[in-house]
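Student: Look at TrEMBL and you will find 1-85 tagged as region 'Disordered'. Look at TrEMBL and you will find 1-18 tagged as compositional bias 'Polar residues'. Among the features that TrEMBL reports, compositional bias 'Basic residues' is placed at 56-69. Residues annotated as substrate binding site in TrEMBL: His190, His298. Residues or ranges marked as divalent metal cation 1 binding site in TrEMBL: Asp210, Asp221, Glu418. For Asp221, His290, Glu323, Glu418, the entry in TrEMBL reads divalent metal cation 2 binding site.
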Amino acid sequence: MAPTTVASLTGNGISETSPHVAKPLNGSAKVDQVEDDGEGEDDDEAADGVVTGGSAKKKKKKKKPKKRKAEQSNPPRIGLSKLFPSGIYPEGELQHYKDDNSYRITSEEARYLEKQAMEDPETTYNDIRRAAEVHRQARQAARKYIKPGMAMTDIANYIEDSTRALVEENGLESGVGFPTGLSLNHCAAHYTPNAGDTRILQQGDVLKVDIGVHVNGRICDSAFTLNFEPTYDKLIEAVKAATDTGVREAGIDVRLGELAGYIQETMESYEVEVDGKILPVKPIDNLSGHSINKYQIHGGKSVMLVKNKDQTKMEEGDYFAIETFGSTGRGRIVESGECSHYARKVDAPNVPLRLTSAKSLLKSINKNFGTLPFCRRYLDRAGESKYLLALNNLVAQGIVQDYPPLCDQLGSMTAQFEHTILLRPTVKEVVSRGDDY
């Protein structure tokens, strides 16, 4: 989702590291096998045992039932538990650690620690993988569905209805992880349509689709960019490559400032030709990726997009959204436009609320979202009405954080790609990886 907005820091001298080969596993998950309904293989004798021409009537043999894979509907409405009745969900792409951490793939101690973690339901990876598989299926359907001429509200509803059905939404146990981002053109992030928004997707638009899914507060956060004519293909290619670089170079003990340098170097190696003019692709220097905590989309660590002096290290067990943004404009965003995204602060102050409506709205937010991000459409869906005064009061009191749209200069184009990674003791798992990206 929701990139972290950060102050710009820059540095010099980006060193290039040699790439390594990733080991893809179950990028697009296979589902458990189920059998067709049908009778068994028992042989039945022909009726009456009639003899004709000196030979008995042949016994009829029933065909063996064929095994088939359970298939998702279109649009996706079959809950994942029906496709994976075992309750075990596919791993993402596995990438081995590099350099000083390469021993981890064979370390008995690391494997023991990972086994211990898997035995504890609170720290199991299965919730993360379930959320990731929902994400893959929902986004792949959305990529086929989204076309110019559609209303932005219809696109958002299609994605969110698919997510809720697949994850089998159940209060704060499972559901949408944050409002579906559908930022267009110079807007890089934090736009989703509010009620009454009549905007229509156009042929020349560059659309960022940012989808979140959570299971027991474990959020899968991944995004991609769509265009419908080729002018900005290179922009999209640059940002996808930069995200893949960030994923590849991430790992235990990697310093965040150095990781940002690898991302910057990749993105700045691209150019875009628009109407005969060559434009550099710039990383947006005050946006960043971020760590993710349980029920908290921004976990405290930031992966910026330009090299800086941040010496903070990635650590074993960290869960990160590697998220990059590129622009043909300034490469810097400002808040602009009507706000749609909000979240109750994890460390919200305990302050007295004078407005009765604000007290009531906060109760509804706690019940329906907790500290997960939400938007105005979600309040409408929860049955709230005439809540803007109360919502603004909660923002003013520092209980709720507002997240307005983040935009580069008008006329520029921006793109986004994002993957969620888990730094396991033995291996790095790109949990959101799929056949599409």
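From the backbone N, Cα and C atoms, a Cβ is placed for every residue, glycine too.
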Student: What subset of the binding-site residues His190, His298, Glu323 lies within 10 angstroms of Glu418 (divalent metal cation 1 binding site), using C-alpha positions?
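Tutor: Qualifying among His190, His298, Glu323: Glu323.
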Student: Using a 10 Å cut-off, grab the number of neighbouring Cβ atoms around the Cβ of His190 (substrate binding site), all chains included.
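Tutor: Around His190 (substrate binding site), other Cβ atoms within 10 Å: 28.
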Student: Checking your reading of the structure: which of the binding-site residues His190, Asp210, His298 lie inside a 10 Å Cα sphere centred on His290 (divalent metal cation 2 binding site)?
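Tutor: Within 10 Å Cα-Cα: His298.
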Student: What subset of the binding-site residues Asp210, Asp221, Glu323 lies within 10 angstroms of His190 (substrate binding site), using C-alpha positions?
Tutor: Asp210
